[in-house]
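Engineer: Features from TrEMBL:
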{"type": "BINDING", "residues": "42", "note": "L-glutamate binding site"}
{"type": "BINDING", "residues": "76, 77, 102, 159, 183, 206, 248, 249", "note": "pyridoxal 5'-phosphate binding site"}
{"type": "DOMAIN", "residues": "6-360", "note": "domain 'Aminotransferase class V'"}
{"type": "MOD_RES", "residues": "207", "note": "N6-(pyridoxal phosphate)lysine"}
Ligand SMILES: *Cc1c(COP(=O)(O)O)cnc(C)c1O
(Lines of atoms letter the chains of each structure in order from A; the text may use other names.)
(Lines give C-alpha, C1' and ligand atoms only; values in the text may rest on other atoms or scores of the structure.)
Protein backbone atom coordinates (compact mmCIF):
# COMPACT_ATOMS: atom_id res chain seq x y z
CA UNK A 1 0.00 0.00 0.00
CA UNK A 2 1.24 3.51 -0.70
CA UNK A 3 0.01 6.31 1.54
CA UNK A 4 -1.40 9.37 -0.19
CA UNK A 5 0.49 12.61 0.36
CA UNK A 6 -2.46 14.12 2.19
CA UNK A 7 -2.60 17.92 2.42
CA UNK A 8 -6.29 18.06 3.35
CA UNK A 9 -7.38 20.96 5.55
CA UNK A 10 -9.61 18.87 7.81
CA UNK A 11 -10.35 16.08 8.36
CA UNK A 12 -6.65 15.82 7.79
CA UNK A 13 -3.81 13.34 7.76
CA UNK A 14 -3.41 11.18 10.86
CA UNK A 15 -0.08 9.72 11.98
CA UNK A 16 0.51 6.31 10.44
CA UNK A 17 1.49 4.95 13.85
CA UNK A 18 -1.86 6.00 15.34
CA UNK A 19 -3.76 4.25 12.54
CA UNK A 20 -1.62 1.12 12.67
CA UNK A 21 -2.18 0.90 16.41
CA UNK A 22 -5.93 1.21 15.87
CA UNK A 23 -5.77 -1.56 13.27
CA UNK A 24 -3.85 -3.85 15.62
CA UNK A 25 -6.16 -3.16 18.56
CA UNK A 26 -9.43 -2.99 16.67
CA UNK A 27 -11.05 -6.41 17.09
CA UNK A 28 -9.75 -7.33 20.53
CA UNK A 29 -8.90 -4.33 22.64
CA UNK A 30 -6.49 -4.98 25.49
CA UNK A 31 -7.45 -8.68 25.62
CA UNK A 32 -11.05 -7.81 26.48
CA UNK A 33 -12.61 -9.83 23.65
CA UNK A 34 -14.24 -6.79 22.08
CA UNK A 35 -13.35 -3.55 20.40
CA UNK A 36 -12.96 -0.33 22.35
CA UNK A 37 -16.10 0.94 20.55
CA UNK A 38 -18.20 -1.78 22.15
CA UNK A 39 -17.16 -1.04 25.71
CA UNK A 40 -19.37 0.87 28.11
CA UNK A 41 -18.20 4.42 28.57
CA UNK A 42 -18.60 3.79 32.31
CA UNK A 43 -16.43 0.68 32.31
CA UNK A 44 -12.80 0.39 33.42
CA UNK A 45 -11.44 -0.48 29.98
CA UNK A 46 -12.75 2.64 28.26
CA UNK A 47 -12.22 4.92 31.23
CA UNK A 48 -8.51 4.22 31.14
CA UNK A 49 -8.35 5.33 27.48
CA UNK A 50 -10.47 8.40 28.23
CA UNK A 51 -8.30 9.56 31.08
CA UNK A 52 -5.11 8.84 29.17
CA UNK A 53 -6.32 11.06 26.32
CA UNK A 54 -7.22 13.87 28.74
CA UNK A 55 -3.92 13.56 30.59
CA UNK A 56 -1.92 13.61 27.34
CA UNK A 57 -3.54 16.92 26.32
CA UNK A 58 -2.66 18.45 29.68
CA UNK A 59 0.87 17.07 29.61
CA UNK A 60 1.70 18.02 26.02
CA UNK A 61 0.32 21.56 26.47
CA UNK A 62 1.89 21.91 29.94
CA UNK A 63 -1.42 23.00 31.42
CA UNK A 64 -1.42 24.13 35.04
CA UNK A 65 -3.69 22.33 37.51
CA UNK A 66 -6.37 25.01 37.38
CA UNK A 67 -7.34 24.08 33.81
CA UNK A 68 -9.87 21.44 32.77
CA UNK A 69 -9.67 19.49 29.52
CA UNK A 70 -13.05 18.54 28.04
CA UNK A 71 -14.04 16.35 25.13
CA UNK A 72 -17.42 17.41 23.79
CA UNK A 73 -19.25 17.21 20.46
CA UNK A 74 -20.55 19.60 17.82
CA UNK A 75 -17.25 20.81 16.42
CA UNK A 76 -15.71 24.24 16.72
CA UNK A 77 -18.82 25.51 14.93
CA UNK A 78 -21.03 24.58 17.85
CA UNK A 79 -18.58 26.24 20.20
CA UNK A 80 -19.11 29.46 18.21
CA UNK A 81 -22.62 29.43 19.72
CA UNK A 82 -21.91 27.68 23.00
CA UNK A 83 -19.15 30.08 24.07
CA UNK A 84 -21.43 33.17 24.08
CA UNK A 85 -24.25 31.05 25.48
CA UNK A 86 -22.12 30.25 28.51
CA UNK A 87 -20.06 33.39 28.93
CA UNK A 88 -21.86 36.40 27.46
CA UNK A 89 -24.30 37.48 30.15
CA UNK A 90 -26.87 40.27 29.66
CA UNK A 91 -25.45 43.74 30.25
CA UNK A 92 -21.96 42.69 29.14
CA UNK A 93 -20.09 42.95 25.86
CA UNK A 94 -17.92 40.37 24.12
CA UNK A 95 -15.09 41.67 21.92
CA UNK A 96 -14.27 39.75 18.74
CA UNK A 97 -10.99 40.06 16.84
CA UNK A 98 -11.56 38.83 13.31
CA UNK A 99 -8.66 37.77 11.11
CA UNK A 100 -10.44 35.44 8.67
CA UNK A 101 -13.49 33.42 7.74
CA UNK A 102 -13.71 31.41 10.97
CA UNK A 103 -13.64 34.53 13.09
CA UNK A 104 -16.46 35.94 10.95
CA UNK A 105 -18.53 32.83 11.64
CA UNK A 106 -17.80 33.11 15.36
CA UNK A 107 -19.12 36.69 15.40
CA UNK A 108 -22.21 35.82 13.44
CA UNK A 109 -23.08 32.90 15.73
CA UNK A 110 -22.40 35.00 18.83
CA UNK A 111 -24.86 37.62 17.58
CA UNK A 112 -27.52 35.00 16.91
CA UNK A 113 -26.98 33.33 20.28
CA UNK A 114 -27.01 36.58 22.17
CA UNK A 115 -30.42 37.38 20.70
CA UNK A 116 -31.81 33.89 21.27
CA UNK A 117 -30.56 33.59 24.85
CA UNK A 118 -30.96 37.17 26.06
CA UNK A 119 -27.22 37.59 26.26
CA UNK A 120 -25.07 40.69 26.01
CA UNK A 121 -23.64 42.72 23.15
CA UNK A 122 -21.22 41.51 20.49
CA UNK A 123 -18.58 44.05 19.51
CA UNK A 124 -16.13 43.87 16.62
CA UNK A 125 -12.87 44.80 18.34
CA UNK A 126 -10.88 44.57 15.10
CA UNK A 127 -11.18 43.06 11.66
CA UNK A 128 -8.41 42.77 9.10
CA UNK A 129 -10.80 42.07 6.27
CA UNK A 130 -9.78 44.27 3.34
CA UNK A 131 -12.02 43.62 0.36
CA UNK A 132 -12.70 40.06 1.54
CA UNK A 133 -9.00 39.21 1.83
CA UNK A 134 -7.45 38.68 5.19
CA UNK A 135 -3.68 38.94 4.99
CA UNK A 136 -2.60 39.85 8.52
CA UNK A 137 -3.50 40.12 12.19
CA UNK A 138 -4.26 43.53 13.73
CA UNK A 139 -1.67 45.54 15.61
CA UNK A 140 -2.22 46.16 19.30
CA UNK A 141 -3.11 49.81 18.60
CA UNK A 142 -5.86 48.73 16.19
CA UNK A 143 -7.80 46.87 18.88
CA UNK A 144 -10.91 48.64 20.11
CA UNK A 145 -11.43 46.80 23.38
CA UNK A 146 -14.42 47.30 25.68
CA UNK A 147 -13.58 48.05 29.33
CA UNK A 148 -15.06 45.29 31.51
CA UNK A 149 -15.79 43.02 28.52
CA UNK A 150 -17.18 39.53 29.23
CA UNK A 151 -14.36 38.15 27.10
CA UNK A 152 -12.19 38.76 24.06
CA UNK A 153 -12.41 36.17 21.29
CA UNK A 154 -9.69 35.45 18.73
CA UNK A 155 -8.64 32.83 16.17
CA UNK A 156 -4.97 31.96 16.54
CA UNK A 157 -4.72 30.45 13.05
CA UNK A 158 -7.16 31.21 10.24
CA UNK A 159 -7.22 27.94 8.35
CA UNK A 160 -8.74 29.27 5.12
CA UNK A 161 -6.67 32.43 4.73
CA UNK A 162 -3.41 31.02 6.12
CA UNK A 163 -3.09 33.87 8.63
CA UNK A 164 -1.60 33.10 12.03
CA UNK A 165 -0.70 34.99 15.16
CA UNK A 166 3.03 34.63 15.72
CA UNK A 167 2.68 33.06 19.17
CA UNK A 168 5.52 31.41 21.03
CA UNK A 169 6.89 30.84 24.51
CA UNK A 170 8.17 34.44 24.55
CA UNK A 171 5.70 35.90 22.03
CA UNK A 172 2.39 36.32 23.84
CA UNK A 173 -0.96 37.30 22.41
CA UNK A 174 -1.50 41.10 22.51
CA UNK A 175 -2.38 42.24 26.00
CA UNK A 176 -6.08 42.32 26.86
CA UNK A 177 -7.75 42.88 30.24
CA UNK A 178 -10.80 40.64 29.79
CA UNK A 179 -10.72 36.83 29.77
CA UNK A 180 -9.23 35.61 26.49
CA UNK A 181 -11.00 32.91 24.46
CA UNK A 182 -9.30 31.36 21.45
CA UNK A 183 -10.42 29.15 18.57
CA UNK A 184 -7.25 27.09 18.20
CA UNK A 185 -8.74 24.42 15.92
CA UNK A 186 -5.99 24.34 13.35
CA UNK A 187 -2.80 25.09 15.27
CA UNK A 188 -3.23 23.60 18.73
CA UNK A 189 -0.28 21.32 19.55
CA UNK A 190 1.55 22.43 16.42
CA UNK A 191 3.85 24.87 18.21
CA UNK A 192 4.71 25.91 21.74
CA UNK A 193 2.25 28.47 23.09
CA UNK A 194 1.91 29.72 26.64
CA UNK A 195 -1.59 28.41 27.35
CA UNK A 196 -1.90 30.32 30.62
CA UNK A 197 -2.67 33.56 28.77
CA UNK A 198 -5.97 32.01 27.60
CA UNK A 199 -9.04 31.40 29.74
CA UNK A 200 -10.74 29.13 27.21
CA UNK A 201 -9.30 27.40 24.15
CA UNK A 202 -11.36 25.22 21.86
CA UNK A 203 -11.13 23.39 18.57
CA UNK A 204 -12.36 20.56 16.41
CA UNK A 205 -10.01 17.59 16.69
CA UNK A 206 -9.78 16.86 12.98
CA UNK A 207 -6.70 18.95 12.24
CA UNK A 208 -3.94 18.22 14.76
CA UNK A 209 -5.58 16.06 17.42
CA UNK A 210 -7.50 13.17 15.88
CA UNK A 211 -10.63 12.42 13.87
CA UNK A 212 -13.70 14.61 13.46
CA UNK A 213 -16.50 14.08 15.96
CA UNK A 214 -14.42 15.14 18.95
CA UNK A 215 -14.24 18.76 20.08
CA UNK A 216 -11.69 19.82 22.63
CA UNK A 217 -12.34 22.54 25.17
CA UNK A 218 -9.62 23.66 27.56
CA UNK A 219 -10.76 26.08 30.22
CA UNK A 220 -9.69 27.67 33.45
CA UNK A 221 -11.80 26.26 36.26
CA UNK A 222 -12.58 29.77 37.50
CA UNK A 223 -13.97 30.65 34.06
CA UNK A 224 -16.19 27.57 34.01
CA UNK A 225 -17.51 28.54 37.46
CA UNK A 226 -18.59 31.91 36.07
CA UNK A 227 -20.63 30.39 33.20
CA UNK A 228 -24.40 30.80 33.09
CA UNK A 229 -26.29 28.36 35.29
CA UNK A 230 -29.74 28.86 33.78
CA UNK A 231 -29.00 26.80 30.66
CA UNK A 232 -29.94 23.19 30.00
CA UNK A 233 -27.25 21.07 31.67
CA UNK A 234 -25.99 19.61 28.40
CA UNK A 235 -25.09 23.08 27.09
CA UNK A 236 -23.19 24.16 30.19
CA UNK A 237 -19.47 23.50 29.91
CA UNK A 238 -19.56 23.19 33.69
CA UNK A 239 -21.56 19.97 33.38
CA UNK A 240 -18.90 18.36 31.20
CA UNK A 241 -16.13 19.48 33.52
CA UNK A 242 -17.91 18.16 36.62
CA UNK A 243 -18.45 14.82 34.90
CA UNK A 244 -14.98 14.56 33.34
CA UNK A 245 -16.56 14.57 29.87
CA UNK A 246 -18.68 11.53 30.82
CA UNK A 247 -21.99 13.30 31.47
CA UNK A 248 -23.51 11.46 28.53
CA UNK A 249 -21.99 9.02 26.07
CA UNK A 250 -18.89 10.63 24.57
CA UNK A 251 -17.56 9.76 21.08
CA UNK A 252 -15.53 6.89 22.51
CA UNK A 253 -13.82 5.68 19.35
CA UNK A 254 -12.88 9.22 18.40
CA UNK A 255 -11.38 9.84 21.82
CA UNK A 256 -9.53 6.52 21.53
CA UNK A 257 -7.98 7.80 18.27
CA UNK A 258 -7.09 11.07 20.00
CA UNK A 259 -5.26 8.94 22.57
CA UNK A 260 -3.33 7.17 19.78
CA UNK A 261 -2.50 10.44 18.03
CA UNK A 262 -1.26 12.17 21.18
CA UNK A 263 0.69 9.11 22.31
CA UNK A 264 2.44 9.30 18.93
CA UNK A 265 3.12 13.01 19.40
CA UNK A 266 4.64 12.36 22.81
CA UNK A 267 6.83 9.57 21.40
CA UNK A 268 8.08 11.99 18.73
CA UNK A 269 9.33 14.37 21.42
CA UNK A 270 6.19 16.41 22.11
CA UNK A 271 5.24 19.88 20.97
CA UNK A 272 8.75 21.40 20.92
CA UNK A 273 10.02 18.66 18.60
CA UNK A 274 7.00 18.81 16.29
CA UNK A 275 7.23 22.60 16.17
CA UNK A 276 10.82 22.41 14.90
CA UNK A 277 9.66 20.00 12.22
CA UNK A 278 6.61 22.14 11.34
CA UNK A 279 8.70 25.31 11.01
CA UNK A 280 11.03 23.55 8.57
CA UNK A 281 8.12 22.16 6.56
CA UNK A 282 6.54 25.60 6.26
CA UNK A 283 9.87 27.22 5.32
CA UNK A 284 10.35 24.70 2.49
CA UNK A 285 7.08 25.88 0.92
CA UNK A 286 7.41 29.61 1.60
CA UNK A 287 11.00 29.58 0.28
CA UNK A 288 9.80 27.89 -2.89
CA UNK A 289 7.03 30.47 -3.30
CA UNK A 290 9.32 33.44 -2.63
CA UNK A 291 12.05 32.00 -4.86
CA UNK A 292 9.78 31.45 -7.85
CA UNK A 293 10.35 34.87 -9.38
CA UNK A 294 6.71 35.83 -8.89
CA UNK A 295 5.18 32.70 -10.46
CA UNK A 296 3.82 31.71 -7.05
CA UNK A 297 2.53 34.46 -4.77
CA UNK A 298 1.56 34.23 -1.10
CA UNK A 299 -0.76 37.13 -0.25
CA UNK A 300 -0.19 36.91 3.51
CA UNK A 301 2.10 39.36 5.32
CA UNK A 302 5.37 37.61 6.14
CA UNK A 303 4.98 38.11 9.89
CA UNK A 304 1.55 36.42 9.84
CA UNK A 305 2.18 33.45 7.58
CA UNK A 306 0.72 30.26 8.97
CA UNK A 307 2.98 27.29 9.58
CA UNK A 308 -0.06 25.00 9.34
CA UNK A 309 -1.91 26.23 6.24
CA UNK A 310 0.23 27.63 3.44
CA UNK A 311 -1.79 29.48 0.78
CA UNK A 312 -0.61 30.80 -2.55
CA UNK A 313 -1.73 31.83 -6.01
CA UNK A 314 -0.55 31.12 -9.53
CA UNK A 315 -0.79 33.67 -12.36
CA UNK A 316 -4.20 32.38 -13.60
CA UNK A 317 -7.07 30.18 -12.37
CA UNK A 318 -6.35 27.85 -15.32
CA UNK A 319 -2.79 27.30 -14.11
CA UNK A 320 -4.08 26.70 -10.58
CA UNK A 321 -6.44 24.05 -11.88
CA UNK A 322 -3.66 22.38 -13.85
CA UNK A 323 -1.41 22.50 -10.77
CA UNK A 324 -3.97 20.71 -8.60
CA UNK A 325 -4.67 18.11 -11.28
CA UNK A 326 -1.03 17.29 -11.92
CA UNK A 327 -0.34 17.13 -8.18
CA UNK A 328 -3.20 14.67 -7.73
CA UNK A 329 -1.74 12.46 -10.43
CA UNK A 330 1.33 12.27 -8.17
CA UNK A 331 -0.76 11.27 -5.11
CA UNK A 332 -0.69 14.80 -3.62
CA UNK A 333 -4.19 15.30 -2.29
CA UNK A 334 -6.16 18.28 -0.98
CA UNK A 335 -4.25 21.21 -2.50
CA UNK A 336 -7.21 23.15 -3.85
CA UNK A 337 -7.77 26.36 -1.89
CA UNK A 338 -11.02 26.81 0.03
CA UNK A 339 -13.93 27.41 -2.34
CA UNK A 340 -14.46 30.89 -0.86
CA UNK A 341 -10.95 32.16 -1.72
CA UNK A 342 -9.62 29.95 -4.54
CA UNK A 343 -5.91 29.46 -5.18
CA UNK A 344 -3.83 26.71 -3.61
CA UNK A 345 -3.59 25.65 0.01
CA UNK A 346 -1.30 23.04 1.52
CA UNK A 347 -2.29 22.06 5.04
CA UNK A 348 0.81 20.71 6.71
CA UNK A 349 -0.37 19.67 10.16
CA UNK A 350 1.66 17.59 12.61
CA UNK A 351 0.98 14.28 10.86
CA UNK A 352 2.07 15.53 7.43
CA UNK A 353 5.50 14.05 6.89
CA UNK A 354 8.47 16.26 5.94
CA UNK A 355 9.13 14.01 2.94
CA UNK A 356 5.67 14.83 1.57
CA UNK A 357 6.38 18.52 1.84
CA UNK A 358 9.76 18.06 0.13
CA UNK A 359 7.98 16.21 -2.68
CA UNK A 360 5.48 19.04 -2.99
CA UNK A 361 8.23 21.68 -3.09
CA UNK A 362 10.05 19.70 -5.80
CA UNK A 363 6.83 19.43 -7.80
CA UNK A 364 6.26 23.18 -7.44
CA UNK A 365 9.72 23.94 -8.81
CA UNK A 366 9.24 21.55 -11.69
CA UNK A 367 5.79 22.93 -12.52
CA UNK A 368 7.05 26.52 -12.47
CA UNK A 369 9.92 25.60 -14.79
CA UNK A 370 7.57 23.96 -17.28
CA UNK A 371 4.67 26.42 -17.11
CA UNK A 372 6.24 29.66 -15.90
C1 LIG B 1 -11.98 23.75 10.91
C2 LIG B 1 -12.17 24.96 11.72
C3 LIG B 1 -13.39 25.29 12.30
C4 LIG B 1 -14.64 24.46 12.09
O5 LIG B 1 -14.55 23.28 12.79
P6 LIG B 1 -15.76 22.24 12.83
O7 LIG B 1 -15.25 21.23 13.80
O8 LIG B 1 -15.95 21.71 11.44
O9 LIG B 1 -16.97 22.94 13.28
C10 LIG B 1 -13.46 26.42 13.09
N11 LIG B 1 -12.39 27.21 13.28
C12 LIG B 1 -11.19 26.94 12.72
C13 LIG B 1 -10.03 27.84 12.98
C14 LIG B 1 -11.04 25.81 11.92
O15 LIG B 1 -9.85 25.53 11.37
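Positions of Cβ are set from backbone N, Cα and C atoms, glycine also.
TrEMBL annotations: computationally assigned, not manually curated.
Distances, neighbours, how buried they are, the whole picture for these features please.
Structural biologist: Neighbours of residue 42 (L-glutamate binding site), defined as other CB atoms within 10 A of its CB across all chains, total 9.
Within the same chain, the residues at least 6 positions away from residue 248 (pyridoxal 5'-phosphate binding site) whose Cβ sits under 8 Å from its Cβ are 234, listed in sequence order.
In this structure, residue 207 (N6-(pyridoxal phosphate)lysine) belongs to neither helix nor strand by DSSP; it is coil. Around residue 207 (N6-(pyridoxal phosphate)lysine), the same-chain residues six or more apart in sequence whose CB sits under 8 Å from its CB are 9, 10, 12, 159, 185, 186, 187, 188, 308, 347, 349, listed in sequence order.
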Engineer: Over the domain 'Aminotransferase class V' (6-360), what does the predicted model average in pLDDT?
Structural biologist: 97
Engineer: With H, G and I counted as helix, E and B as strand and the rest as coil, say where DSSP puts residue 183 (pyridoxal 5'-phosphate binding site).
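Structural biologist: Strand, per DSSP.
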Engineer: Let me know the most crowded of the binding-site residues, choosing from 77, 206 and counting other Cβ atoms within 10 Å.
Structural biologist: 206
Engineer: Which one of the binding-site residues (159, 249) has its C-beta surrounded by the most other C-beta atoms within 10 angstroms?
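Structural biologist: Answer returned by the neighbour count: 159.
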Engineer: Across all chains shown, how many C-beta atoms besides its own are within 10 angstroms of the C-beta of residue 76 (pyridoxal 5'-phosphate binding site)?
Structural biologist: 26
Engineer: I'd like the Cβ neighbour count for residue 102 (pyridoxal 5'-phosphate binding site), meaning other Cβ atoms within 10 Å of its Cβ, all protein chains included.
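Structural biologist: Its Cβ shell of radius 10 Å holds 21 other Cβ atoms.
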Engineer: Check the binding-site residues 42, 159, 248, 249 for any whose Cβ is under 6 angstroms from an atom of ligand 1, and report them in sequence order.
Structural biologist: 159
